[in-house]
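Participant: Take this structure, written in structure tokens, and hold onto it; I'll ask about it next.
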Amino acid sequence: MIDFDSFSDRIDEESGTEDGSNDEEAQDIIEPYRFEPSGTSSGEDDGDDMDDGEDIGRLQNTEWCQCDNCNSMDTVAESVCCREIPAVTRTMEEDGVHSCIIDHPGFRSGCLDIWVLRIAYYGYRQHYGHLQQEGNERHRYTAYRQLVRLCWGYLGRDIRVPLPSCAVNQIRRQFPSMAYHGYEEGQ
């Protein structure tokens, strides 16, 4: 099981910033990759690194799924259910959703609505510049960022988290492609 509590500990609940500074100061600083939806950057080895083959049993099956919406994923790090991630379950419980993050009204409207994704992309473009991706690839990228915003708020530079399989697959169904990139650890 992936321990996502270490990510949550890094985020100040009140201000939503990594170091506890207020939001106004944080918004004045443009940080590339500030809201990227991807891996650990703590530099600490908590002994729970799933990429080292400890939990290879998660591949090619969905026995680990607790919401009945996950699909088999390509890597162990991506083979995680929304019910296993504290930030995601907290978001679900706050809004009375008890089954799966894909049933959350914020997920449907914020991550799957093409018009919301266009507006979110324009905000991204204003701060970071134009993405080379077009069409469904850009929509998927923006949808993943929106999911991170919904569940984690602000993660900070180079802090990446694997997204739940159920949500990733729902986004992929909505915005299909011939090839998918998948989760990568932070630099």
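Cβ from N, Cα, C; glycine included.
So TrEMBL lists these for the protein:
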REGION    1-55  region 'Disordered'
COMPBIAS  11-28  compositional bias 'Acidic residues'
COMPBIAS  43-54  compositional bias 'Acidic residues'
DOMAIN    59-178  domain 'P2X purinoreceptor 7 intracellular'
Participant: Return the average pLDDT for the domain 'P2X purinoreceptor 7 intracellular' (59-178) as a whole number.
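Facilitator: The average pLDDT of the model in the domain 'P2X purinoreceptor 7 intracellular' (59-178) works out to 90.
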Participant: Which numbers of helix, strand and coil residues does DSSP report for the domain 'P2X purinoreceptor 7 intracellular' (59-178)?
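Facilitator: Here the numbers are 64 helix, 1 strand, 55 coil.
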